[in-house]
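Feature annotations, reproduced from Swiss-Prot:
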| type | residues | note |
| --- | --- | --- |
| ACT_SITE | Asp14 | active site, proton acceptor |
| ACT_SITE | His42 | active site, proton donor |
| BINDING | 13-19, 41-43, Arg304, 330-332, 412-414 | GTP binding site |
| BINDING | Asp14, Glu15, Gly16, Lys17, Asn39, Ala40, Gly41, His42, Thr130, Arg144, Gln223, Thr238, Arg302 | IMP binding site |
| BINDING | Asp14, Gly41 | Mg(2+) binding site |
Amino acid sequence: MGKKLVVIGAQWGDEGKGKIVDLLTERAGAVVRFQGGHNAGHTLVVHGKKTVLHLIPSGIMHDHVMSYIGNGVVLCLRALFEEIKALTAEGIPVKERLRISPACALILPSHIALDQARETARGKDKIGTTGRGIGPCYEDKIARRGLRLEDLRHPDDFRQKMQALMTYHNFLLENYYHQTAVDIDATIEEWLAYGKDVLPLMEDVTLALQRHQEQNVIFEGAQGAMLDIDQGTYPFVTSSNTAAGSASCGSGVGPHQLDYILAITKAYTTRVGSGPFPSEQINDIGEHLAKVGVEVGASTGRRRRCGWLDLPALRRALLNSSFDGVCLTKLDVLDELDEIKICTAYCHHEQIIDVAPLGSESLAECEPVYETFTGWKTSTFGIKNEAELPQKARDYIAKIEEYLGIPVVIISTGADRSHTIMRQSLLE
């Protein structure tokens with residue numbers, strides 16, 4: 001039997017999941033996306049060449065791997081085919097390697113218009129959404145008025161359903177947000193044209209994954225645990241469940257089939273958009289982390305906020321997702337610092353707590369409690385052998401393991417796939 005491994009971002013997203021999934025996929029037969037949409041931005045660097053994927057699983061770069069988009073993903077067909085076109089131009093036979101669940105909810109241009117109109121209307125209270133229609137699409141899915149990929153199998157019915165849904169969207173856009181309506185007829189024709197190309201890619205992902213019982217399968221999470229709609233810093237969250245449990249319901253694979261849950265976390269913390277961030281450094285340290293770590297969002301181009309590693313937030317993610325091990329990324333970004341801090345607890349209303357509280361208001365009231373470490377002041381960039389790490393860097397990693405109570409099994413020391421220390425083989 002193959003191993004079924006779930007890869008979850010343990011912070012506020014942007015932890016480096018794409019590189020790690022790409023690396024692990026060398027020993028896998030399939031990779032599955034199970035939540036989110038094209039608001040994800042997974043950056044891969046292979047042999048010095050950079051590829052950014054937003055919707056298609058990171059396993060698409062491997063010729064021996066099937067890539068699946070599960071039912072928990074919300075699908076923008078325009079974004080999908082832009083990505084397919086770009087990858088095909090690079091010589092990657094995407095249509096041979098990719099299959100998509102018919103149960104995926106469809107993102108329409110009117111979802112995107114609503115998303116952007118709502119964010120504009122919020123003004124200074126904006127959430128920080130990517131403006132790509134993710135939230136409004138999930139909203140329609142839950143309200144059972146949304147369209148699914150399988151609806152394209154019946155063009156006449158699809159036309160009627162889309163007409164009704166977009167009429168509702170346009171009413172909101174014009175009468176509540178005072179924005180321009182989206183052209184319904186043009187959108188219907190565009191989406192029906194996409195339908196002809198997407199039909200061959202449709203497959204029941206639940207059944208398809210049963211064919212991979214003897215192979216390793218990677219379940220690729222998007223965003224991060226602290227952006228979970230239920231367990232994250234609500235309302236400054238994404239619109240899907242990002243914890244490990246969503247790998248099951250978002251792909252149709254039973255939870256007993258999942259063997260190992262890997263947390264991805266940077267050696268420090270970043271966040272894009274609005275919301276509380278107790279260990280944020282709005283100073284020279286934050287500037288240094290942003291510059292050296294090249295902290296710019298792959299999906300939006302927005303600069304990320306930066307701060308020290310936040311263990312109470314990681315503990316919240318650990319409780320939600322039952323991580324078996326940790327992959328620590330961007331260790332090399334800390335190389336030049338004289339001292340390095342870890343937020344080990346919060347002070348909340350004069351009480352010391354070691355797990356991040358639920359919701360944004362309580363988290364905003366927390367003050368970080370730090371433990372300070374002497375920096376190693378030696379380059380770790382590109383190191384592949386743990387023995388070559390400076391002792392102070394190893395002490396830093398050991399302290400993270402001690403606080404979390406689980407092992408750091410992978411250490412990333414650079415963007416390239418080869419810049420990795422594998423302390424434990426996760427896939428045989």
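Keep in mind that glycine also has a Cβ here, set from the backbone N, Cα and C atoms.
These numbers come from a predicted model, not from an experiment.
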Candidate with sparsest Cβ neighbourhood (10 Å radius) among Gly13, Gly16, the listed binding-site residues: Gly16
Which same-chain residues, if any, lie at least 6 apart from Thr413 (GTP binding site) yet have Cβ under 8 Å of it: Leu331, Asp332, Thr380, Phe381, Gly382, Ile383, Lys384, His419, Thr420, Ile421
Per-residue Cβ crowding (10 Å cut-off), top of binding-site residues Asn39, Thr43, Thr130: Asn39
Local Cβ density at Gln223 (IMP binding site) - other Cβ atoms counted within 10 Å: 29
Nearest recorded site to Thr43 (GTP binding site) by CA-CA distance, among binding-site residues Thr130, Gln223, Arg302: Gln223
10 Å Cα neighbourhood of Gly13 (GTP binding site): matching binding-site residues from Asn39, Gly41, Thr130, Arg302: Gly41
Rounded to the nearest Å - Cα separation of Gly16 (GTP binding site) and Gly41 (IMP binding site): 10
Cα distance (Å, whole number) from Asp14 (active site, proton acceptor) to Gly41 (IMP binding site): 8
Inter-residue C-alpha distance, the residue listed as 'active site, proton acceptor' and Asn39 (IMP binding site) (nearest angstrom): 11
Distance [Cα-Cα, Å, rounded] between Arg302 (IMP binding site) and Lys19 (GTP binding site): 20
Cβ neighbours of Arg302 (IMP binding site) where a neighbour is any other Cβ within 10 Å: 13
Rounded to the nearest Å - Cα separation of Thr130 (IMP binding site) and Lys19 (GTP binding site): 22
